[in-house]
Amino acid sequence: MATTAKEEMARFWEKNTKSSRPLSPHVTIYKWSLPMAMSITHRGTGVALSLGVSLFSLAALLLPEQFPHYLAVVKSLSLGPALIYSAKFALAFPLSYHTWNGIRHLV
């Protein structure tokens, strides 16, 4: 007669506890290296770029006004130079990092 999934799991954990084998390695045991950090950052910037393009295109489709209107609204907010440069960096970094890291990978 077949066993249920719950019984299978109970049998698995009982066998694993008796043999006192370690669990599979976890992320915390790995020593961070530069290639690992670059790979994670490359994936993160890829996701950020995908979301950014998707949200920008969705906004372009759904918002009632044209782009120059919204640009004027942002200019009228009189944001400080620190915030402006931070926003520019937040937009430029993912694109430049992802592009140059992709080129580095291809080379």
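For all residues, glycine too, the Cβ spot is worked out from N, Cα and C.
Among the features that TrEMBL reports, transmembrane segment is placed at 44-63, 83-100. Positions annotated as heme binding site by TrEMBL: His98.
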Legend entry - Same-chain residues near the transmembrane segment (83-100), Cβ under 8 Å, at least 6 residues beyond its ends: 41-42, 45-46, 48-49, 52
Inset, instruction - Across all the protein chains here, work out how many other Cβ atoms are within 10 Å of the Cβ of His98 (heme binding site). - result: 19
